[in-house]
Amino acid sequence: MKKGTVINTQLSQVIADMGHFDLLGIGDAGMPVPEDTWKIDLAVSKNLPSFIDVLKNVLSELQVQKVYLAEEIKTENPEQLKQIQQLIDVPIAFIPHDQMKQDLSKTKAFVRTGEMTPYSNILLESGVVF
């Protein structure tokens, strides 16, 4: 049995496959995912698992150099933004939500959580450990 934090097979696989500058999306249950994007669906029920819990676990195993958030999170979900900022110690770029939806087609995968709060979506840009 895997000893690390992330034990979901698909999520572990995509994290291991990430290269420098690759993107991984994590988001709420309502985020529309392009048909050609690999969707790792972790949602069980409303807010289970939460966006923050999944983000914490992914950050424990993935080297991240930059993140992208929807500009709208600043006004529509400031509490979630505050929690994200407490976890992230890399540059944050704010982009329009519509741009984030388009950028999902550039990700290695999108991780769907059970989160039911608006604009709880993030794109993680992979860094290197050296």
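Cβ coordinates come from backbone N, Cα and C, glycine included.
Residues annotated as active site, proton donor in Swiss-Prot: His20. For Asp28, His97, Tyr119, Ser120, Asn121, the entry in Swiss-Prot reads substrate binding site, with the evidence type sequence analysis.
Structure with Swiss-Prot features highlighted.
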residue	record	Cβ contacts under 8 Å, 6 or more apart
His20	active site, proton donor	Ser126, Gly127, Val128
Asp28	substrate binding site	Phe51, Arg112, Thr113, Glu115, Met116, Thr117, Pro118, Tyr119, Ser120, Asn121
His97	substrate binding site	Ala70, Glu71, Glu72, Tyr119, Asn121
Span of Asp28, His97, Tyr119, Ser120, Asn121 around substrate - largest C-alpha separation, Å: 13
Substrate site, defined by Asp28, His97, Tyr119, Ser120, Asn121: further same-chain residues with Cβ within 8 Å of the Cβ centre: Gly27, Gly30, Met31, Ala70, Glu72, Ile73, Asn77, Met100, Glu115, Thr117, Pro118, Ile122
DSSP three-state assignment for Asn121 (substrate binding site): strand
Which listed residue (Ser120, Asn121) has most other Cβ within 10 Å, given these are binding-site residues: Ser120
Surrounding CB atoms that lie within 10 Å of the CB of Tyr119 (substrate binding site), all protein chains: 21
